[in-house]
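Have a look at the structure below before the remarks.
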(Lines of atoms letter the chains of each structure in order from A and count residues from 1; the text may use other names and numbers.)
(Lines give C-alpha, C1' and ligand atoms only; values in the text may rest on other atoms or scores of the structure.)
Protein backbone atom coordinates (compact mmCIF):
# COMPACT_ATOMS: atom_id res chain seq x y z
CA UNK A 1 0.00 0.00 0.00
CA UNK A 2 1.53 3.30 -1.03
CA UNK A 3 1.50 6.45 1.08
CA UNK A 4 -1.32 8.08 -0.85
CA UNK A 5 -3.59 5.07 -0.19
CA UNK A 6 -2.68 5.30 3.48
CA UNK A 7 -3.78 8.92 3.54
CA UNK A 8 -7.09 8.06 1.87
CA UNK A 9 -7.76 5.12 4.22
CA UNK A 10 -6.85 7.27 7.20
CA UNK A 11 -9.27 9.93 5.99
CA UNK A 12 -12.07 7.32 5.70
CA UNK A 13 -11.34 5.95 9.15
CA UNK A 14 -11.84 9.34 10.74
CA UNK A 15 -15.51 9.53 9.62
CA UNK A 16 -17.24 6.86 11.77
CA UNK A 17 -20.97 6.50 12.14
CA UNK A 18 -22.66 7.92 15.18
CA UNK A 19 -23.03 4.53 16.91
CA UNK A 20 -19.36 3.63 16.63
CA UNK A 21 -16.84 4.17 19.40
CA UNK A 22 -14.00 6.45 18.31
CA UNK A 23 -10.50 6.50 19.66
CA UNK A 24 -9.56 10.01 20.72
CA UNK A 25 -6.05 11.21 20.09
CA UNK A 26 -4.50 13.71 22.50
CA UNK A 27 -6.05 17.10 21.90
CA UNK A 28 -3.77 19.67 20.36
CA UNK A 29 -4.28 23.15 19.01
CA UNK A 30 -3.12 24.45 15.67
CA UNK A 31 -1.31 27.31 17.30
CA UNK A 32 0.70 24.88 19.44
CA UNK A 33 2.49 23.61 16.39
CA UNK A 34 4.54 26.44 15.03
CA UNK A 35 6.61 26.42 11.88
CA UNK A 36 10.26 27.27 11.67
CA UNK A 37 10.18 29.16 8.38
CA UNK A 38 13.93 29.17 8.05
CA UNK A 39 14.48 25.46 8.59
CA UNK A 40 11.22 24.18 7.19
CA UNK A 41 10.03 22.34 10.34
CA UNK A 42 6.34 21.58 10.21
CA UNK A 43 4.12 19.59 12.57
CA UNK A 44 0.45 20.09 13.18
CA UNK A 45 -3.09 19.00 13.86
CA UNK A 46 -5.65 18.31 11.24
CA UNK A 47 -8.70 19.16 13.30
CA UNK A 48 -10.23 22.56 12.78
CA UNK A 49 -13.32 22.32 14.93
CA UNK A 50 -15.64 20.27 12.70
CA UNK A 51 -18.02 17.87 14.35
CA UNK A 52 -17.61 14.15 13.87
CA UNK A 53 -14.96 14.44 11.18
CA UNK A 54 -11.34 15.24 10.76
CA UNK A 55 -9.32 16.96 8.07
CA UNK A 56 -6.33 14.71 7.37
CA UNK A 57 -3.05 16.39 8.17
CA UNK A 58 -0.07 15.61 6.01
CA UNK A 59 3.46 16.26 7.18
CA UNK A 60 5.66 17.57 4.43
CA UNK A 61 8.69 17.85 6.62
CA UNK A 62 9.82 15.52 9.35
CA UNK A 63 12.65 17.79 10.30
CA UNK A 64 10.88 18.84 13.46
CA UNK A 65 10.97 15.23 14.65
CA UNK A 66 14.29 14.11 13.34
CA UNK A 67 16.44 17.10 14.20
CA UNK A 68 17.86 20.14 12.55
CA UNK A 69 18.19 20.21 8.82
CA UNK A 70 20.02 22.50 6.46
CA UNK A 71 18.28 25.63 5.35
CA UNK A 72 16.41 25.05 2.07
CA UNK A 73 16.58 28.52 0.68
CA UNK A 74 20.19 29.57 1.30
CA UNK A 75 22.24 31.93 -0.80
CA UNK A 76 23.72 29.19 -2.92
CA UNK A 77 20.63 27.12 -3.48
CA UNK A 78 17.11 28.09 -4.01
CA UNK A 79 16.61 24.77 -5.74
CA UNK A 80 14.33 21.97 -6.65
CA UNK A 81 14.37 18.54 -8.24
CA UNK A 82 13.16 17.04 -11.39
CA UNK A 83 11.40 14.09 -9.72
CA UNK A 84 8.00 13.34 -11.22
CA UNK A 85 4.93 14.36 -9.27
CA UNK A 86 3.92 10.74 -8.89
CA UNK A 87 6.96 10.16 -6.72
CA UNK A 88 5.74 12.46 -3.96
CA UNK A 89 5.77 10.69 -0.62
CA UNK A 90 3.10 11.90 1.77
CA UNK A 91 3.44 10.75 5.39
CA UNK A 92 0.33 10.99 7.57
CA UNK A 93 0.76 12.34 11.07
CA UNK A 94 -1.48 12.77 14.08
CA UNK A 95 -5.18 13.42 13.54
CA UNK A 96 -7.97 13.77 16.02
CA UNK A 97 -11.70 12.96 15.88
CA UNK A 98 -14.27 13.87 18.44
CA UNK A 99 -17.39 11.93 19.50
CA UNK A 100 -20.44 14.03 18.87
CA UNK A 101 -23.32 13.31 21.29
CA UNK A 102 -26.83 14.07 20.16
CA UNK A 103 -28.05 17.29 21.59
CA UNK A 104 -24.61 18.51 22.48
CA UNK A 105 -23.55 21.71 20.79
CA UNK A 106 -20.08 21.53 19.35
CA UNK A 107 -17.68 24.31 20.22
CA UNK A 108 -14.90 25.14 17.85
CA UNK A 109 -11.39 25.43 19.14
CA UNK A 110 -10.28 28.91 20.05
CA UNK A 111 -7.57 30.56 18.03
CA UNK A 112 -5.06 32.96 19.43
CA UNK A 113 -5.05 36.58 18.30
CA UNK A 114 -2.55 37.65 15.72
CA UNK A 115 0.52 38.81 17.57
CA UNK A 116 3.25 41.08 16.30
CA UNK A 117 5.56 38.10 16.08
CA UNK A 118 2.97 36.32 13.97
CA UNK A 119 2.84 39.38 11.75
CA UNK A 120 6.48 38.87 10.89
CA UNK A 121 6.04 35.14 10.39
CA UNK A 122 3.25 35.77 7.94
CA UNK A 123 5.17 38.48 6.17
CA UNK A 124 8.04 36.13 5.66
CA UNK A 125 5.78 34.02 3.49
CA UNK A 126 5.27 36.83 1.03
CA UNK A 127 8.95 37.34 0.34
CA UNK A 128 10.65 34.81 -1.86
CA UNK A 129 14.36 35.40 -2.43
CA UNK A 130 15.59 35.28 -5.99
CA UNK A 131 18.35 32.92 -7.03
CA UNK A 132 20.41 34.35 -9.82
CA UNK A 133 23.81 33.83 -11.33
CA UNK A 134 26.15 35.52 -13.55
CA UNK A 135 29.01 33.56 -15.02
CA UNK A 136 28.50 30.72 -12.69
CA UNK A 137 27.57 32.25 -9.37
CA UNK A 138 24.14 31.38 -8.04
CA UNK A 139 23.22 33.81 -5.30
CA UNK A 140 20.21 35.36 -3.62
CA UNK A 141 19.27 39.00 -3.98
CA UNK A 142 17.18 39.66 -0.86
CA UNK A 143 14.83 42.39 -1.94
CA UNK A 144 12.73 42.67 1.22
CA UNK A 145 14.41 45.79 2.51
CA UNK A 146 14.12 46.63 6.19
CA UNK A 147 12.25 49.83 5.46
CA UNK A 148 9.50 47.86 3.71
CA UNK A 149 8.99 45.21 6.37
CA UNK A 150 6.19 47.05 8.19
CA UNK A 151 4.22 47.49 4.99
CA UNK A 152 4.74 43.86 4.04
CA UNK A 153 3.64 42.69 7.50
CA UNK A 154 0.33 44.50 7.31
CA UNK A 155 -0.24 43.33 3.75
CA UNK A 156 0.34 39.69 4.68
CA UNK A 157 -1.92 39.84 7.73
CA UNK A 158 -4.67 41.52 5.73
CA UNK A 159 -4.41 38.84 3.07
CA UNK A 160 -4.67 36.06 5.64
CA UNK A 161 -7.60 37.70 7.40
CA UNK A 162 -9.38 38.22 4.10
CA UNK A 163 -9.10 34.52 3.37
CA UNK A 164 -10.59 33.63 6.75
CA UNK A 165 -7.42 32.00 8.03
CA UNK A 166 -5.32 32.59 11.10
CA UNK A 167 -1.59 33.15 10.92
CA UNK A 168 -1.09 29.73 12.47
CA UNK A 169 -3.15 28.07 9.75
CA UNK A 170 -1.14 29.93 7.14
CA UNK A 171 2.05 28.50 8.57
CA UNK A 172 0.59 25.09 9.34
CA UNK A 173 -0.43 24.44 5.73
CA UNK A 174 2.76 25.69 4.10
CA UNK A 175 4.49 22.96 2.10
CA UNK A 176 8.15 22.18 2.74
CA UNK A 177 10.59 19.37 2.05
CA UNK A 178 9.84 16.13 3.86
CA UNK A 179 12.99 15.01 5.61
CA UNK A 180 15.04 17.89 4.22
CA UNK A 181 17.53 16.87 1.55
CA UNK A 182 16.25 13.29 1.62
CA UNK A 183 12.88 14.29 0.20
CA UNK A 184 12.50 12.45 -3.15
CA UNK A 185 11.55 15.73 -4.82
CA UNK A 186 14.59 17.58 -3.47
CA UNK A 187 17.32 17.80 -6.15
CA UNK A 188 19.97 17.08 -3.55
CA UNK A 189 18.53 13.59 -3.12
CA UNK A 190 19.51 12.72 -6.70
CA UNK A 191 22.31 10.19 -7.19
CA UNK A 192 25.72 11.75 -7.77
CA UNK A 193 25.99 10.49 -11.36
CA UNK A 194 22.78 12.28 -12.31
CA UNK A 195 23.90 15.52 -10.69
CA UNK A 196 27.16 15.44 -12.64
CA UNK A 197 25.35 14.79 -15.91
CA UNK A 198 23.28 17.92 -15.30
CA UNK A 199 26.37 19.95 -14.40
CA UNK A 200 28.12 18.63 -17.51
CA UNK A 201 25.28 19.63 -19.84
CA UNK A 202 25.00 23.12 -18.35
CA UNK A 203 28.77 23.66 -18.38
CA UNK A 204 29.00 22.64 -22.03
CA UNK A 205 26.07 24.94 -22.79
CA UNK A 206 27.82 27.92 -21.17
CA UNK A 207 31.02 26.98 -22.98
CA UNK A 208 29.13 26.83 -26.30
CA UNK A 209 27.68 30.32 -25.93
CA UNK A 210 30.99 32.08 -25.30
CA UNK A 211 32.68 29.80 -27.84
CA UNK A 212 30.19 31.09 -30.42
CA UNK A 213 31.15 34.66 -29.59
CA UNK A 214 34.80 34.06 -30.52
CA UNK A 215 34.58 31.52 -33.36
CA UNK A 216 33.01 34.28 -35.46
CA UNK A 217 36.32 36.17 -35.57
CA UNK A 218 37.82 33.51 -37.85
CA UNK A 219 35.28 34.29 -40.59
CA UNK A 220 36.34 37.88 -41.26
CA UNK A 221 38.52 37.32 -44.33
CA UNK A 222 36.06 35.25 -46.38
CA UNK A 223 32.91 36.99 -45.13
CA UNK A 224 34.24 40.50 -45.71
CA UNK A 225 35.14 39.63 -49.28
CA UNK A 226 31.64 38.29 -49.93
CA UNK A 227 29.75 41.12 -48.22
CA UNK A 228 32.16 43.85 -49.39
CA UNK A 229 32.45 45.30 -45.89
CA UNK A 230 35.36 46.54 -43.80
CA UNK A 231 36.86 44.70 -40.86
CA UNK A 232 35.43 47.26 -38.42
CA UNK A 233 31.90 46.67 -39.71
CA UNK A 234 32.40 42.91 -39.49
CA UNK A 235 33.61 43.32 -35.91
CA UNK A 236 30.17 44.67 -35.02
CA UNK A 237 28.98 41.07 -35.17
CA UNK A 238 31.28 40.27 -32.24
CA UNK A 239 30.39 43.42 -30.30
CA UNK A 240 26.64 43.02 -30.66
CA UNK A 241 26.85 39.38 -29.56
CA UNK A 242 28.56 40.45 -26.32
CA UNK A 243 26.04 43.26 -25.81
CA UNK A 244 23.31 40.62 -25.98
CA UNK A 245 25.10 38.69 -23.24
CA UNK A 246 25.20 41.87 -21.14
CA UNK A 247 21.39 41.84 -20.98
CA UNK A 248 21.38 38.26 -19.68
CA UNK A 249 20.48 39.05 -16.03
CA UNK A 250 16.85 39.69 -16.99
CA UNK A 251 16.46 35.92 -17.46
CA UNK A 252 16.94 35.36 -13.72
CA UNK A 253 13.68 36.90 -12.46
CA UNK A 254 11.82 35.01 -15.19
CA UNK A 255 13.26 31.79 -13.79
CA UNK A 256 11.88 32.85 -10.41
CA UNK A 257 8.34 32.64 -11.77
CA UNK A 258 8.54 29.82 -14.32
CA UNK A 259 11.43 27.68 -13.12
CA UNK A 260 14.86 27.04 -14.61
CA UNK A 261 14.00 24.27 -17.06
CA UNK A 262 11.60 26.32 -19.25
CA UNK A 263 14.17 29.13 -19.41
CA UNK A 264 16.89 26.69 -20.51
CA UNK A 265 14.74 25.09 -23.18
CA UNK A 266 13.15 28.19 -24.70
CA UNK A 267 16.25 30.37 -24.53
CA UNK A 268 18.54 27.77 -26.08
CA UNK A 269 15.92 27.03 -28.73
CA UNK A 270 16.02 30.75 -29.50
CA UNK A 271 19.81 30.60 -29.64
CA UNK A 272 19.55 27.77 -32.17
CA UNK A 273 16.95 29.57 -34.28
CA UNK A 274 18.99 32.78 -34.46
CA UNK A 275 22.03 30.84 -35.65
CA UNK A 276 20.19 30.05 -38.88
CA UNK A 277 20.11 33.66 -40.23
CA UNK A 278 23.86 33.87 -39.65
CA UNK A 279 24.45 30.78 -41.76
CA UNK A 280 22.32 31.99 -44.68
CA UNK A 281 22.91 35.76 -44.39
CA UNK A 282 23.21 37.71 -47.64
CA UNK A 283 24.52 40.92 -46.09
CA UNK A 284 26.35 42.14 -43.03
CA UNK A 285 23.25 43.82 -41.58
CA UNK A 286 21.49 40.46 -41.23
CA UNK A 287 24.60 39.01 -39.65
CA UNK A 288 24.93 41.75 -37.01
CA UNK A 289 21.25 41.64 -35.99
CA UNK A 290 21.25 37.84 -35.77
CA UNK A 291 24.40 37.88 -33.68
CA UNK A 292 22.81 40.23 -31.13
CA UNK A 293 19.84 37.94 -30.58
CA UNK A 294 22.14 34.92 -30.39
CA UNK A 295 23.95 36.53 -27.48
CA UNK A 296 20.70 37.60 -25.83
CA UNK A 297 19.17 34.11 -26.04
CA UNK A 298 22.35 32.27 -25.11
CA UNK A 299 23.01 34.45 -22.10
CA UNK A 300 20.40 32.53 -20.11
CA UNK A 301 22.92 29.74 -19.59
CA UNK A 302 25.36 32.25 -18.12
CA UNK A 303 22.88 34.01 -15.82
CA UNK A 304 20.68 31.11 -14.65
CA UNK A 305 22.75 27.93 -14.75
CA UNK A 306 24.94 28.76 -11.78
CA UNK A 307 21.88 28.62 -9.53
CA UNK A 308 21.31 25.03 -10.58
CA UNK A 309 24.69 24.08 -9.12
CA UNK A 310 23.49 25.35 -5.76
CA UNK A 311 20.21 23.51 -6.27
CA UNK A 312 22.03 20.19 -6.53
CA UNK A 313 24.86 20.52 -4.00
CA UNK A 314 25.14 21.76 -0.42
CA UNK A 315 27.66 24.49 0.39
CA UNK A 316 30.25 22.02 1.65
CA UNK A 317 30.16 20.05 -1.61
CA UNK A 318 29.53 22.56 -4.36
CA UNK A 319 33.03 24.08 -4.65
CA UNK A 320 34.26 21.63 -7.32
CA UNK A 321 31.14 21.65 -9.53
CA UNK A 322 30.93 25.44 -9.20
CA UNK A 323 34.59 25.83 -10.16
CA UNK A 324 34.09 23.65 -13.23
CA UNK A 325 30.96 25.51 -14.24
CA UNK A 326 32.49 28.95 -13.62
CA UNK A 327 35.51 28.03 -15.73
CA UNK A 328 33.54 26.94 -18.80
CA UNK A 329 32.41 30.38 -20.08
CA UNK A 330 35.99 31.67 -19.90
CA UNK A 331 37.51 28.72 -21.75
CA UNK A 332 35.00 29.12 -24.57
CA UNK A 333 36.48 32.31 -26.07
CA UNK A 334 40.02 30.89 -26.02
CA UNK A 335 39.03 27.85 -28.10
CA UNK A 336 36.83 29.69 -30.60
CA UNK A 337 39.62 31.05 -32.84
CA UNK A 338 41.27 27.61 -33.11
CA UNK A 339 38.09 25.77 -34.15
CA UNK A 340 37.07 28.62 -36.42
CA UNK A 341 40.52 28.75 -37.97
CA UNK A 342 40.42 25.04 -38.84
CA UNK A 343 36.95 25.34 -40.38
CA UNK A 344 37.76 28.43 -42.43
CA UNK A 345 41.08 26.98 -43.60
CA UNK A 346 39.52 23.88 -45.14
CA UNK A 347 36.00 25.03 -46.08
CA UNK A 348 33.83 28.17 -46.37
CA UNK A 349 32.95 30.62 -43.62
CA UNK A 350 29.30 29.53 -43.62
CA UNK A 351 30.30 26.15 -42.21
CA UNK A 352 31.36 27.99 -39.07
CA UNK A 353 27.70 28.70 -38.41
CA UNK A 354 26.53 25.28 -39.63
CA UNK A 355 28.90 23.78 -37.07
CA UNK A 356 27.35 25.93 -34.34
CA UNK A 357 23.84 24.92 -35.43
CA UNK A 358 24.72 21.22 -35.20
CA UNK A 359 26.30 21.64 -31.77
CA UNK A 360 23.40 23.74 -30.48
CA UNK A 361 20.89 21.18 -31.75
CA UNK A 362 22.63 18.33 -29.95
CA UNK A 363 22.88 20.39 -26.77
CA UNK A 364 19.20 21.33 -26.91
CA UNK A 365 18.25 17.65 -27.09
CA UNK A 366 20.52 16.97 -24.10
CA UNK A 367 18.89 19.78 -22.13
CA UNK A 368 15.39 18.47 -22.86
CA UNK A 369 16.27 14.88 -21.97
CA UNK A 370 18.78 15.29 -19.15
CA UNK A 371 18.13 18.56 -17.29
CA UNK A 372 15.06 18.46 -15.01
CA UNK A 373 13.52 21.31 -13.07
CA UNK A 374 15.63 22.06 -10.00
CA UNK A 375 14.25 25.35 -8.66
CA UNK A 376 12.92 24.68 -5.13
CA UNK A 377 9.99 27.14 -5.02
CA UNK A 378 8.51 25.82 -8.27
CA UNK A 379 8.83 22.19 -7.16
CA UNK A 380 7.23 22.99 -3.83
CA UNK A 381 4.40 24.61 -5.77
CA UNK A 382 3.92 21.35 -7.67
CA UNK A 383 3.99 19.42 -4.43
CA UNK A 384 1.33 21.68 -2.91
CA UNK A 385 -0.89 21.29 -5.98
CA UNK A 386 -0.61 17.51 -5.75
CA UNK A 387 -1.48 17.63 -2.07
CA UNK A 388 -4.52 19.86 -2.64
CA UNK A 389 -5.77 17.43 -5.25
CA UNK A 390 -5.15 14.40 -3.04
CA UNK A 391 -6.67 15.72 0.19
CA UNK A 392 -9.26 18.10 -1.20
CA UNK A 393 -7.96 20.77 1.17
CA UNK A 394 -7.19 24.00 -0.66
CA UNK A 395 -5.33 25.47 2.28
CA UNK A 396 -2.12 23.67 1.33
CA UNK A 397 0.21 26.08 -0.40
CA UNK A 398 3.83 26.69 -1.33
CA UNK A 399 5.62 29.92 -0.32
CA UNK A 400 5.88 31.05 -3.94
CA UNK A 401 2.09 30.99 -4.24
CA UNK A 402 1.82 33.70 -1.58
CA UNK A 403 4.01 36.22 -3.37
CA UNK A 404 2.22 39.24 -4.80
CA UNK A 405 4.96 40.41 -7.15
CA UNK A 406 4.28 40.60 -10.86
CA UNK A 407 6.68 39.50 -13.56
CA UNK A 408 6.99 43.05 -14.93
CA UNK A 409 7.73 44.63 -11.55
CA UNK A 410 10.29 41.97 -10.67
CA UNK A 411 12.12 42.33 -13.99
CA UNK A 412 12.02 46.12 -13.69
CA UNK A 413 13.40 46.00 -10.16
CA UNK A 414 16.20 43.65 -11.24
CA UNK A 415 17.23 46.17 -13.90
CA UNK A 416 17.18 49.17 -11.53
CA UNK A 417 19.25 47.91 -8.60
CA UNK A 418 22.53 47.32 -10.55
CA UNK A 419 22.63 50.98 -11.56
CA UNK A 420 22.11 52.05 -7.95
CA UNK A 421 25.10 49.99 -6.88
CA UNK A 422 27.28 51.41 -9.64
CA UNK A 423 26.36 54.99 -8.73
CA UNK A 424 26.50 54.72 -4.94
CA UNK A 425 29.07 52.01 -4.16
CA UNK A 426 32.72 52.92 -4.99
CA UNK A 427 34.04 49.42 -4.24
CA UNK A 428 31.48 47.89 -6.58
CA UNK A 429 32.21 50.42 -9.33
CA UNK A 430 36.02 50.16 -9.16
CA UNK A 431 36.09 46.36 -9.09
CA UNK A 432 33.54 46.20 -11.91
CA UNK A 433 35.65 48.51 -14.05
CA UNK A 434 38.72 46.39 -13.29
CA UNK A 435 37.05 43.17 -14.46
CA UNK A 436 35.63 45.07 -17.44
CA UNK A 437 39.12 46.13 -18.55
CA UNK A 438 40.34 42.54 -18.24
CA UNK A 439 37.52 41.05 -20.30
CA UNK A 440 37.90 43.89 -22.78
CA UNK A 441 41.58 42.98 -23.22
CA UNK A 442 40.63 39.33 -23.77
CA UNK A 443 38.25 40.30 -26.59
CA UNK A 444 40.74 42.83 -27.94
CA UNK A 445 43.19 39.92 -28.34
CA UNK A 446 40.83 38.40 -30.94
CA UNK A 447 41.94 41.17 -33.25
CA UNK A 448 45.48 41.67 -31.94
CA UNK A 449 46.66 38.04 -32.11
CA UNK A 450 46.01 37.61 -35.86
CA UNK A 451 47.70 40.93 -36.49
CA UNK A 452 50.79 40.09 -34.42
CA UNK A 453 51.33 36.45 -35.37
CA UNK A 454 50.51 36.80 -39.06
CA UNK A 455 52.68 39.88 -39.50
CA UNK A 456 55.68 38.76 -37.43
CA UNK A 457 55.65 34.99 -37.90
CA UNK A 458 53.58 34.32 -41.04
CA UNK A 459 51.06 32.10 -39.22
CA UNK A 460 47.99 30.93 -41.11
CA UNK A 461 44.45 31.02 -39.71
CA UNK A 462 44.46 27.81 -37.67
CA UNK A 463 48.00 28.43 -36.40
CA UNK A 464 46.84 31.80 -35.06
CA UNK A 465 44.04 29.91 -33.32
CA UNK A 466 46.62 27.72 -31.61
CA UNK A 467 48.25 30.76 -30.01
CA UNK A 468 45.10 31.24 -27.91
CA UNK A 469 45.81 27.95 -26.16
CA UNK A 470 48.12 29.77 -23.74
CA UNK A 471 45.06 31.56 -22.38
CA UNK A 472 43.01 28.37 -22.24
CA UNK A 473 45.65 26.31 -20.44
CA UNK A 474 46.23 29.03 -17.85
CA UNK A 475 42.51 29.19 -17.05
CA UNK A 476 42.37 25.44 -16.48
CA UNK A 477 45.44 25.72 -14.25
CA UNK A 478 43.71 28.44 -12.23
CA UNK A 479 40.89 26.03 -11.45
CA UNK A 480 43.30 23.56 -9.84
CA UNK A 481 44.79 26.31 -7.67
CA UNK A 482 41.39 27.07 -6.11
CA UNK A 483 42.07 24.95 -2.95
CA UNK A 484 45.01 27.24 -2.15
CA UNK A 485 42.69 30.23 -1.78
CA UNK A 486 40.40 28.17 0.44
CA UNK A 487 43.27 27.44 2.80
CA UNK A 488 44.25 31.12 2.85
CA UNK A 489 40.70 32.15 3.75
CA UNK A 490 40.58 29.57 6.51
CA UNK A 491 43.92 30.82 7.82
CA UNK A 492 42.66 34.40 7.94
CA UNK A 493 39.57 33.28 9.84
CA UNK A 494 41.67 31.33 12.35
CA UNK A 495 43.96 34.31 12.86
CA UNK A 496 40.94 36.48 13.53
CA UNK A 497 39.62 33.87 15.96
CA UNK A 498 42.81 34.04 18.02
CA UNK A 499 42.41 37.81 18.37
CA UNK A 500 38.67 38.12 18.90
CA UNK A 501 37.53 34.65 19.96
CA UNK A 502 35.00 34.67 17.11
CA UNK A 503 35.41 32.29 14.18
CA UNK A 504 34.10 34.50 11.42
CA UNK A 505 35.10 35.22 7.86
CA UNK A 506 35.04 38.68 6.32
CA UNK A 507 34.28 39.62 2.69
CA UNK A 508 37.84 40.95 2.39
CA UNK A 509 39.11 37.38 2.89
CA UNK A 510 38.04 36.76 -0.73
CA UNK A 511 40.52 39.31 -2.12
CA UNK A 512 43.91 37.48 -1.88
CA UNK A 513 43.42 35.91 -5.35
CA UNK A 514 42.94 39.40 -6.78
CA UNK A 515 45.99 40.73 -4.93
CA UNK A 516 48.11 37.91 -6.41
CA UNK A 517 46.48 38.10 -9.82
CA UNK A 518 46.92 41.86 -10.30
CA UNK A 519 50.73 41.82 -10.78
CA UNK A 520 50.42 38.71 -12.98
CA UNK A 521 48.01 40.59 -15.22
CA UNK A 522 50.27 43.61 -15.61
CA UNK A 523 53.44 41.54 -15.93
CA UNK A 524 51.87 39.25 -18.51
CA UNK A 525 50.77 42.19 -20.64
CA UNK A 526 54.21 43.82 -20.55
CA UNK A 527 55.81 40.48 -21.45
CA UNK A 528 53.43 39.99 -24.37
CA UNK A 529 53.82 43.56 -25.62
CA UNK A 530 57.60 43.84 -25.59
CA UNK A 531 58.16 40.36 -27.02
CA UNK A 532 56.16 41.01 -30.19
CA UNK A 533 59.25 41.47 -32.36
CA UNK A 534 59.99 39.22 -35.34
CA UNK A 535 63.36 38.21 -33.84
CA UNK A 536 61.74 36.97 -30.58
CA UNK A 537 60.45 33.39 -30.65
CA UNK A 538 56.66 33.18 -30.92
CA UNK A 539 56.39 31.14 -27.71
CA UNK A 540 57.44 34.15 -25.60
CA UNK A 541 54.35 36.29 -26.32
CA UNK A 542 52.21 33.16 -25.92
CA UNK A 543 53.70 32.64 -22.45
CA UNK A 544 53.03 36.30 -21.68
CA UNK A 545 49.38 35.86 -22.65
CA UNK A 546 49.20 32.74 -20.45
CA UNK A 547 50.48 34.69 -17.43
CA UNK A 548 47.85 37.34 -18.15
CA UNK A 549 45.16 34.65 -18.39
CA UNK A 550 46.20 33.13 -15.06
CA UNK A 551 46.06 36.49 -13.30
CA UNK A 552 42.73 37.32 -14.95
CA UNK A 553 41.23 34.04 -13.69
CA UNK A 554 42.44 34.78 -10.16
CA UNK A 555 40.98 38.28 -10.33
CA UNK A 556 37.58 37.14 -11.59
CA UNK A 557 37.34 34.44 -8.92
CA UNK A 558 38.20 36.80 -6.08
CA UNK A 559 36.09 39.74 -7.24
CA UNK A 560 32.97 37.69 -7.91
CA UNK A 561 33.07 36.04 -4.48
CA UNK A 562 33.91 39.36 -2.78
CA UNK A 563 30.86 41.02 -4.35
CA UNK A 564 28.64 38.18 -3.15
CA UNK A 565 30.01 38.39 0.41
CA UNK A 566 30.20 42.19 0.63
CA UNK A 567 26.68 42.72 -0.74
CA UNK A 568 24.83 39.60 0.45
CA UNK A 569 21.43 41.26 0.40
CA UNK A 570 21.96 42.54 -3.14
CA UNK A 571 24.41 39.92 -4.41
CA UNK A 572 22.53 39.13 -7.60
CA UNK A 573 22.29 42.83 -8.41
CA UNK A 574 25.99 43.29 -7.68
CA UNK A 575 26.89 40.52 -10.13
CA UNK A 576 24.40 41.85 -12.67
CA UNK A 577 26.09 45.26 -12.47
CA UNK A 578 29.44 43.57 -12.96
CA UNK A 579 28.17 41.67 -16.00
CA UNK A 580 26.73 44.83 -17.54
CA UNK A 581 29.94 46.85 -17.22
CA UNK A 582 32.18 43.91 -18.11
CA UNK A 583 30.32 42.98 -21.29
CA UNK A 584 30.02 46.61 -22.37
CA UNK A 585 33.81 46.94 -22.30
CA UNK A 586 34.20 43.60 -24.06
CA UNK A 587 31.91 44.86 -26.82
CA UNK A 588 33.78 48.15 -27.24
CA UNK A 589 37.43 47.06 -27.10
CA UNK A 590 37.48 45.10 -30.40
CA UNK A 591 36.13 48.14 -32.26
CA UNK A 592 39.19 50.30 -31.57
CA UNK A 593 41.80 47.60 -30.88
CA UNK A 594 43.03 47.09 -34.43
CA UNK A 595 43.44 50.82 -35.07
CA UNK A 596 45.29 51.22 -31.78
CA UNK A 597 47.73 48.43 -32.64
CA UNK A 598 48.28 49.85 -36.12
CA UNK A 599 48.84 53.43 -34.88
CA UNK A 600 50.89 52.79 -31.73
CA UNK A 601 52.63 49.61 -32.79
CA UNK A 602 52.34 46.16 -31.23
CA UNK A 603 54.57 46.97 -28.28
CA UNK A 604 53.19 50.29 -27.09
CA UNK A 605 49.55 49.45 -27.77
CA UNK A 606 49.85 46.53 -25.35
CA UNK A 607 51.95 48.62 -22.95
CA UNK A 608 49.18 51.25 -22.82
CA UNK A 609 46.73 48.63 -21.58
CA UNK A 610 49.35 47.29 -19.15
CA UNK A 611 49.78 50.76 -17.65
CA UNK A 612 46.00 51.00 -17.13
CA UNK A 613 46.03 47.72 -15.19
CA UNK A 614 49.11 48.94 -13.29
CA UNK A 615 47.15 51.98 -12.13
CA UNK A 616 44.34 49.73 -10.86
CA UNK A 617 46.67 47.23 -9.18
CA UNK A 618 46.59 48.86 -5.69
CA UNK A 619 42.79 48.80 -5.35
CA UNK A 620 42.43 45.13 -4.35
CA UNK A 621 44.99 45.64 -1.59
CA UNK A 622 43.34 48.91 -0.49
CA UNK A 623 39.97 47.16 -0.21
CA UNK A 624 41.59 44.25 1.62
CA UNK A 625 42.96 46.61 4.28
CA UNK A 626 40.24 49.26 4.47
CA UNK A 627 37.23 47.40 3.08
CA UNK A 628 35.66 46.89 6.49
CA UNK A 629 35.68 50.65 7.17
CA UNK A 630 34.28 51.39 3.73
CA UNK A 631 31.48 48.88 4.23
CA UNK A 632 30.61 50.48 7.57
CA UNK A 633 29.69 53.69 5.70
CA UNK A 634 27.88 51.89 2.89
CA UNK A 635 24.15 51.87 2.35
CA UNK A 636 24.13 48.49 0.63
CA UNK A 637 27.18 46.53 1.85
CA UNK A 638 27.17 44.12 4.77
CA UNK A 639 28.47 45.45 8.08
CA UNK A 640 30.75 43.27 10.17
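Just so you know, glycine gets a Cβ as well, placed from its N, Cα and C.
Of the given residue ranges 153-174, 351-372, 373-394, TrEMBL assigns the label transmembrane segment to 351-372. Among the residue ranges 121-145, 196-220, 396-420, the one that TrEMBL annotates as transmembrane segment is 196-220. Check TrEMBL against the ranges 98-120, 466-488 and you find transmembrane segment recorded for 466-488. Among the ranges 72-91, 232-251, the stretch that TrEMBL annotates as transmembrane segment is 232-251. The predicted model assigns the domain 'Major facilitator superfamily (MFS) profile' (198-633) a mean pLDDT of 88. Counting Cβ pairs under 8 Å to the transmembrane segment (320-339), the top-ranked stretch among 196-220, 232-251, 292-313, 466-488, 535-563 is 196-220. The stretches the transmembrane segment (196-220) and the transmembrane segment (351-372) meet in space: the count of Cβ pairs below 8 angstroms, excluding pairs fewer than 6 apart in sequence, reaches at least three. Looking at 422-446, 466-488, 535-563, 604-626, the range that has the most CB pairs within less than 8 A of the transmembrane segment (509-529) turns out to be 535-563.
Annotation: stretch 535-563 has the most Cβ pairs under 8 Å to the transmembrane segment (466-488), among 422-446, 535-563, 604-626. Only residues 6 or more beyond the boundaries of the transmembrane segment (535-563), in the same chain, are considered here, and those with a CB under 8 A from a CB of the stretch are 135, 137, 326-327, 330, 334, 428, 431, 434-435, 438, 441-442, 445, 452-453, 456-457, 459, 467-475, 477-479, 481-482, 485, 507-508, 510-529, 571, 574-575, 578, 620, 623.
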